[in-house]
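Q: To start, I am sharing the structure in question, which I have written as structure tokens.
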Amino acid sequence: MYSISFQEDSLLPRERLAKEGVEALSNQELLAILLRTGTRQVSVFEIAQKVLNNLSSLTDLKKMTLQELQSLSGIGRVKAIELQAMIELGHRIHKHETLEMESILSSQKLAKKMQQELGDKKQEHLVALYLNTQNQIIHQQTIFIGSVTRSIAEPREILHYAIKHMATSLILVHNHPSGAVAPSQNDDHVTKLVKEACELMGIVLLDHLIVSHSNYFSYREKTDLI
């Protein structure tokens with residue numbers, strides 16, 4: 001009798017990622033996926049944990065040289081190179097996002113960006129942008145697609161994502177498929193309702209933009225509601 005064995009230590013976290021989403025995975029599981037396999041003596045989970053144990057924080061991983069990565073048990077030259085490449089790619093993505101976020105802080109620049117995203121939509125889309133203390137956009141969430149009246153009594157969903165992402169302020173954006181960006185009474189009501197809800201939670205409503213393909217309206221610029 002004989003048996004064939006093979007090591008697919010990172011298979012379980014891969015399955016969890018596919019079923020539950022990447023945010024459900026621990027740092028150890030994410031690192032195990034990147035490392036893929038362990039050695040005959042050490043599982044990929046043990047290697048991942050040893051790497052994490054050598055760090056005071058995840059940012060230390062970016063600071064490690066190729067040689068320092070290779071000095072860790074179970075990580076050879078190829079894995080060290082792959083890790084560095086993945087870390088650098090993540091860093092560049094974050095850097096690009098930060099630069100983009102910093103460049104759209106004015107209502108005009110943000111409106112132009114959102115016009116490109118929502119201006120040609122045939123249905124109304126309500127989008128919330130969540131910002132940190134540096135006024136950088138840390139998350140963008142489509143709250144709903146359809147009629148704005150649907151959300152009038154339910155600012156809770158908007159605030160749910162603000163709390164989830166620890167945002168200190170937010171910006172609402174929705175489109176008018178008709179092309180006219182003048183706010184309706186309903187738009188005014190939604191703005192007041194969300195602002196009041198934000199104030200109760202200590203969150204600042206920075207603006208509410210209405211966009212079309214070629215124009216925009218800013219509550220902060222044009223009204224005293226914000």
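Including glycine, each Cβ sits where the backbone N, Cα and C put it.
Note that the structure is a prediction, hence the values are computed from the model and not measured.
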Q: Could you tell me which of the ranges 90-103, 174-187 is annotated in Swiss-Prot as motif 'JAMM motif'?
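A: Result: 174-187 is the stretch Swiss-Prot calls motif 'JAMM motif'.
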Q: Is the motif 'JAMM motif' (174-187) packed against any residues at least 6 beyond its ends, judged by a Cβ distance under 8 Å, and which are they?
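A: Contacts with the motif 'JAMM motif' (174-187): 114, 118-119, 121-127, 148-149, 152, 208-217, 219, 223.
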Q: On the DSSP side of things, how many residues of the motif 'JAMM motif' (174-187) fall into helix, strand and coil, could you say?
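A: Helix, strand, coil within the motif 'JAMM motif' (174-187): 3 helix, 2 strand, 9 coil.
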